[in-house]
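> Quick one: this structure, given as structure tokens, is what I'll be asking you about.
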Amino acid sequence: MTHTTLFTSESVSEGHPDKVADQISDAVLDALISQDPNCRVACEAVVKSGMVFVAGEITTNAWADVEQITRNTVLQIGYNDPHLGFDGETCAVVTAIGKQSPDIVMGVDGREDQELGAGDQGLMFGYASRETDVFMPAPITYAHRLVRQQALLRKNGRLPWLRPDAKSQVTLRYENGKPVAADCIVLSTQHSPEISQESLREAVIDEIIKPIMPPHWLDKHTRFLVNPTGRFVIGGPVGDCGLTGRKIIVDTYGGMARHGGGCFSGKDPSKVDRSGAYAARYVAKNIVAGGLADRCEIQVSYAIGVAEPTSISVETFGTGKIDEVRTQQLIKEHFDLRPGKIIEELNLLRSIYKATATYGHFGREEPEFTWERTDKAEILREAAGLAAANVTN
């Protein structure tokens, strides 16, 4: 008997106000970590109308022009015209930055790298599945690709009436756990006032949605909701206040997997909210790529100042090819999840973070995304005593 379900995920463009804030936070981190790999950064941003407020705790020997970094980031996104209500050239930039608490420093720094203590307590999740070629859930994968296509057509001038702010939402129909069709696709994009809604709808469907979505998923039952309110001229930080760390489900698995609650952007890799989540994805992806399971969710947890995880757990949703206890043993044998070793293994002391702040931290194929490697898949497969797996990444 066929079991049919629907699942929905959303994404937002680089011009969405929350993503503007994320990119500013990670641009500041990149500028500092490129000079001082051992910097300690917790950088938050708030954007609204003509103002950006950058605050946080930073301890470093490096120097960064936070105001200019902020302006450059806003301009690169596309907010470069006063008529948009938010312009990187003219917006006010206010900063309030202190140093990391010495109580935290005492528990984190001053040790051998492999014994680097976790920068805070917390729990993180990593997930992978065989739904897509990047081992990610299909709804979030295609939601990201839609808003990325919107940005591409805006920047290359093909659809010159597009503006930076946009959102996508993809609802897929699943049969027996596998995606088979698109039930509903929502694309809301900011636009200049002169474009008619009829022309906008036609262009969005033909130029953004259809080139991205698999054609066999689109049928007469698929609903296309393009700018459902009928108008989206006012957008970006004029329409809504943006805040770092407010799109954590967009950043991860679109709701298909659990989330520990900590955001990523603006945090150096001593913060396990970020490095622990990247490592958990690395573990889960290698387990699935190695054929040990078709779906895998990893949870890891830490205590502040302690290097060893307080727990590691695995869930394969009934798709595991070996016992989960054995899978957990293999994780402990082949992955060192102490923060210092994660940083070393994944080469995280680099200025790679601004690129992660848009279109998801996972399922990316750029070489900077080292946690997407499947270099341990074959090792795990052999250790589990399984036949050769089809590893595509």
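Glycine is treated like the rest: Cβ placed from N, Cα and C.
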> Of Asp219, Asp240, which does Swiss-Prot put in the ATP site with His16, Asp165, Ala166, Lys167, Arg231, Phe232, Arg246, Lys247, Lys267?
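Of Asp219, Asp240, Asp240 joins His16, Asp165, Ala166, Lys167, Arg231, Phe232, Arg246, Lys247, Lys267 in the ATP site that Swiss-Prot records.
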> Which range, 56-66, 100-110, 122-132, does Swiss-Prot list as region 'Flexible loop'?
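Based on what Swiss-Prot states, region 'Flexible loop' spans 100-110.
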> Just name the most isolated of the binding-site residues Arg231, Lys247, going by other Cβ atoms within 10 Å of its Cβ.
Arg231
> By the DSSP assignment reduced to helix, strand and coil, which category contains Glu44 (K(+) binding site)?
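Strand, per DSSP.
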> When the Cα-Cα distance from Ala166 (ATP binding site) is computed for each of the binding-site residues Asp18, Glu44, Glu57, Lys271, which gives the smallest value?
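Of the binding-site residues Asp18, Glu44, Glu57, Lys271, Asp18 has its Cα closest to that of Ala166 (ATP binding site).
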> Would you count the other C-beta atoms found within 10 angstroms of the C-beta of Ala166 (ATP binding site) for me?
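The Cβ of Ala166 (ATP binding site) has 29 Cβ neighbours within 10 Å.
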